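Undergrad: OK, Swiss-Prot features for this one:
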- Gly29, Ala30, Gly31, Pro32, Ser33, Gly34: FAD binding site (BINDING)
- Gly199, Cys200, Gly201, Asn202, Ser203, Gly204: NADP(+) binding site (BINDING)
Amino acid sequence: MENMFRLMGSEDSSDRRRCIWVNGPVIVGAGPSGLATAACLREEGVPFVVLERADCIASLWQKRTYDRIKLHLPKKVCQLPKMPFPEDYPEYPTKRQFIEYLESYANKFEITPQFNECVQSARYDETSGLWRIKTTSSSSSGSEMEYICRWLVVATGENAEKVVPEIDGLTTEFEGEVIHSCEYKSGEKYRGKSVLVVGCGNSGMEVSLDLANHNANASMVVRSSVHVLPREILGKSSFEISMMLMKWFPLWLVDKILLILAWLILGNLTKYGLKRPTMGPMELKIVSGKTPVLDIGAMEKIKSGEVEIVPGIKRFSRSHVELVDGQRLDLDAVVLATGYRSNVPSWLQENDLFSKNGFPKSPFPNAWKGKSGLYAAGFTRKGLAGASADAVNIAQDIGNVWREETKRQKMRTRVGHRRCISVA
């Protein structure tokens with residue numbers, strides 16, 4: 001690539017370390033956040049390199065999502081900068097459609113990531129004023145690289161690593177199948193089987209719905225309170241309605257209106273084992289980042305008894321689970337819909353922008369920029385819209401510096417050229 005230059009290394013096969021200077025920022029992660037940042041940098045005329053540990057873009061969507069998943073929000077709030085979704089796409093694009101959109105996006109902006117490059121560490125070198133990013137190849141070569149650059153964009157996202165809870169007996173005694181929701185594809189293989197879904201977020205609800213649709217005997221563990229909202233209210237998405245209301249009313253009133261509308265549409269959910277938090281859905285989202293569940297059909301299955309809500313787990317044994325209320329359920333499989341976490345602390349050697357939980361210390365919209373050329377894209381807890389906002393800000397910030405320095409370089413070149421002519 002024209003913006004990468006090999007600095008040192010050996011042709012000897014015993015020396016697998018290569019050092020590469022990147023003339024522009026390095027973006028870690030080729031998901032939607034990384035692609036959006038790359039596209040905006042391309043528009044700014046700034047060269048870049050994208051490092052991706054998988055062998056494809058958007059690996060979370062391509063390899064770690066179930067077949068039936070769709071975008072939970074309308075496409076117009078999920079599109080990336082500079083390129084809308086195709087007009088013939090539905091309001092809530094499918095998994096396949098979203099992947100095709102991202103592939104078209106990468107092609108349009110000529111984004112060609114360095115695949116199978118797993119970042120082991122990234123640190124800022126105070127002496128040189130540059131970032132040093134060490135990677136290993138996940139391919140058979142096992143080669144090692146060190147990328148050196150002035151700017152580093154962390155775009156590995158909020159969902160880089162799965163969260164697997166420690167539950168008594170789950171891995172030591174239970175003999176049935178145990179998978180994380182990132183490994184779940186379809187309920188077809190569980191037809192007629194008893195499956196426990198651990199977790200009641202959007203993934204847990206959707207997996208439970210899919211299991212019920214495939215005639216599995218589905219139970220879902222709900223340990224804590226949860227906000228469930230209809231995905232649409234009077235033909236408009238709950239998200240759009242909440243954003244509109246927040247322009248005119250205080251947050252507490254917006255939450256009150258949303259909860260009244262949810263009660264009118266979904267009814268009283270407490271009798272089904274779903275208690276609401278004391279804090280309203282939008283306030284809770286802003287304060288903690290916890291997203292309300294948008295119902296796409298799971299509540300109907302819960303009300304009909306096709307999906308059973310159960311309390312917390314006490315322990316697992318060979319073929320069943322004992323719950324905290326004394327119930328015992330015979331099980332064939334367990335799906336852990338227990339979410340994901342950021343993996344930034346495992347490789348980024350920095351403590352200014354990011355906190356120990358792998359998220360920026362500052363809240364949105366001020367979480368995209370750190371010191372020494374460090375940036376964060378897609379850690380806003382605001383979904384794709386937040387990632388797009390980060391991408392635009394990052395590209396403009398780097399672009400301003402890039403253009404100014406390019407202008408100065410041209411001026412120095414002109415001055416030097418004139419001196420040469422006068423001497424001649």
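Placement of Cβ uses the backbone N, Cα and C atoms for every residue, glycine included.
Give me the lay of the land around each of these features.
TA: In the three-state DSSP reading, Ala30 (FAD binding site) counts as coil.
Cβ neighbour count for Gly204 (NADP(+) binding site): 24 (other Cβ atoms within 10 Å of its Cβ, all protein chains included).
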Undergrad: With the FAD site defined by Gly29, Ala30, Gly31, Pro32, Ser33, Gly34, which remaining residues of that chain have Cβ atoms positioned within 8 Å of the Cβ centroid?
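TA: Along the chain, the qualifying residues are Ile27, Leu35, Ala36, Thr37, Glu52, Ile57, Ala58, Ala155, Thr156, Gly157, Ala377, Gly378, Ala387.
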Undergrad: Taking the Cβ of Gly29 (FAD binding site) as the centre, how many other Cβ atoms fall within a 10 Å radius?
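TA: The Cβ of Gly29 (FAD binding site) has 28 Cβ neighbours within 10 Å.
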